[in-house]
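Participant: Summarising the annotation, Swiss-Prot assigns metal cation 1 binding site to 25, 28 and lists sequence analysis as the type of evidence. Residues or ranges marked as metal cation 2 binding site by Swiss-Prot: 123, 126. Positions annotated as coiled coil by Swiss-Prot: 179-235. Under the heading domain 'HMA 1', Swiss-Prot lists 14-80. Taken from Swiss-Prot, the feature S-farnesyl cysteine applies to 284.
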């Protein structure tokens, strides 16, 4: 009798369960809310479009409502609270525990991937139809289209081959896979890109340093060359000055007066005889 009373008390407890579902608009949320309010034991249903959450309050069985929401929405539903471990404790039968264990293992196994497809999108109506029909699938979470590039990006747990078949069946369009990557692969690619960027930056910095060193060496060489030129110029100028001084001194000696005050005869400078000069070969000739 004591065990039966405990079971009744557990069944009479008011629970607030939170489920995560992709809610496209208020109409989608209302389509789930109306049948939930008719469900046995449900007292209140609230939904949050921004967080994509549905809150169900009442004397309810969490697993059954989980199944019903998946059935009505035709989408993947995640149980946020109470956690699957708590649900196992509250349930009395072994069947409910096995269902929860299966669902937790399925959630762990499911890998979220983003596939980019090339599809012909004719107009805005085609775009809306594509998104509407693809979001009906349970394994598709987010759909984005680009009319200019004629591409379709799908995020979810669906495999690429199944996605192609689903598009051909429901939308009647031929699609080609451009890329299909999981979240782990994306993270690895981002890390590789960051490493490459860092390496490129280091290489550029090293090249800049080398160029600066070369420029400094060239400038030093130029400065040394200019100093040498200045030294040579100084030597040349000193030589010319000495020659001029000597010439002036000779002139002064010739122009001095005697003791009596008589000025001697001024000797005129005469060109040297060019009879045997190499500069004028025609000087010596027979007339």
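Just so it is clear, glycine is given a Cβ too, placed from its N, Cα and C backbone atoms.
A quick note: this is a predicted structure, and the numbers were derived from the prediction, not measured.
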Participant: Sort the residues of the domain 'HMA 1' (14-80) into helix, strand and coil with DSSP and give the three counts.
Facilitator: 25 helix, 22 strand, 20 coil
Participant: Whole-number answer please: how many Å between the C-alpha atoms of residue 126 (metal cation 2 binding site) and residue 25 (metal cation 1 binding site)?
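Facilitator: Rounded to the nearest whole number, the Cα-Cα distance is 19 Å.
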Participant: Whole-number answer please: how many Å between the C-alpha atoms of residue 123 (metal cation 2 binding site) and residue 28 (metal cation 1 binding site)?
Facilitator: 24
Participant: Could you tell me which of these binding-site residues, 25, 28, 123, has the greatest number of Cβ atoms within 10 Å of its own Cβ?
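Facilitator: Output for this query is 28.
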Participant: What is the total of other Cβ atoms whose distance to the Cβ of residue 126 (metal cation 2 binding site) is within 10 Å?
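Facilitator: The Cβ of residue 126 (metal cation 2 binding site) has 16 Cβ neighbours within 10 Å.
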Participant: Please report the DSSP secondary structure of residue 126 (metal cation 2 binding site), reduced to three states.
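Facilitator: DSSP assigns residue 126 (metal cation 2 binding site) to helix.
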